[in-house]
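Working notes for the structure below.
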Amino acid sequence: MQALLFLLALLWPPEAGAEEIIGGVESKPHSRPYMAHLTITTKQGFTASCGGFLINPQFVMTAAHCKGREITVTLGAHDVSKKESTQQKIKVAKQIAHPSYSFYSNLHDIMLLKLQKKAKVTASVDVISLPSPSDFINPGKVCRAAGWGRTGVTEPTSDKLREVKLRIMTKAACKNYEHYDYNFQVCVGSPSKIRSAYKGDSGGPLVCAGVAHGIVSYGRIDAKPPAVFTRISPYVPWINLVIRGK
């Protein structure tokens with residue numbers, strides 16, 4: 001995860017996003033059982049991919065810019081190029097993007113995917129905890145992001161899950177992003193490090209002490225940190241309403 005997240009809209013069809021892991025390492029197989037790989041068919045008929053994470057046996061969280069005509073979720077995967085016995089492939093029944101999501105500003109870049117059936121919880125497939133609405137991660141904290149995205153600006157996407165350590169930055173570090181909003185977004189990745197999420201990682205989680213605090217959203221086209229992640233805590237009340245079917 002070295003590269004910065006870039007607005008997928010600029011590189012992929014607008015229905016799908018993709019950021020990658022640059023400067024990271026291969027994850028221990030199945031050590032992140034909440035990770036989801038999304039195969040997306042766009043409205044134009046192209047195929048794209050995003051990351052996501054299981055927050056409930058029937059709901060996966062991802063970025064709103066990963067929306068497509070159809071999405072299939074693969075859970076329990078390490079190497080997405082192989083048919084692993086741990087994998088569960090489930091089609092998405094409903095894509096629920098946040099009602100205030102803006103394609104132009106990329107604010108409220110969060111979406112819930114309701115699966116056609118509940119995932120079977122196993123050693124390789126499990127949910128991850130979310131923060132409380134008042135839980136704000138502070139600058140200086142080191143968290144991790146994971147995904148199957150590119151391992152470099154000119155490199156292909158990775159078949160195997162990779163992860164990277166990223167530092168939470170102050171809002172001043174993201175001042176050059178015109179629409180950055182500290183209340184709803186997290187500034188992630190030290191400019192002094194060649195580490196980030198990049199194309200293919202969009203929608204994946206930012207995990208701090210075992211809790212999903214952010215969602216890979218966007219960054220610079222040259223993958224230079226910091227990048228912008230959606231902050232999850234302000235959306236917890238909305239998330240709970242969606243899961244309850246309200």
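Placement of Cβ uses the backbone N, Cα and C atoms for every residue, glycine included.
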Candidates Cys50, Cys143 - disulfide partner of Cys66 as recorded in Swiss-Prot: Cys50
DSSP three-state assignment for Cys50 (disulfide bond): strand
Average pLDDT across the domain 'Peptidase S1' (21-244), rounded to a whole number: 90
For Asp109 (active site, charge relay system): intrachain residues, at least 6 apart, with Cβ closer than 8 Å: Ala63, Ala64, His65, His98, Tyr101, Ile215, Ser217, Tyr218, Thr230
Residue from Cys50, Cys174, Cys187, Ser202 whose C-alpha is spatially nearest that of Cys208 (disulfide bond), among the recorded positions: Cys187
Distance [Cα-Cα, Å, rounded] between Cys50 (disulfide bond) and Cys174 (disulfide bond): 23
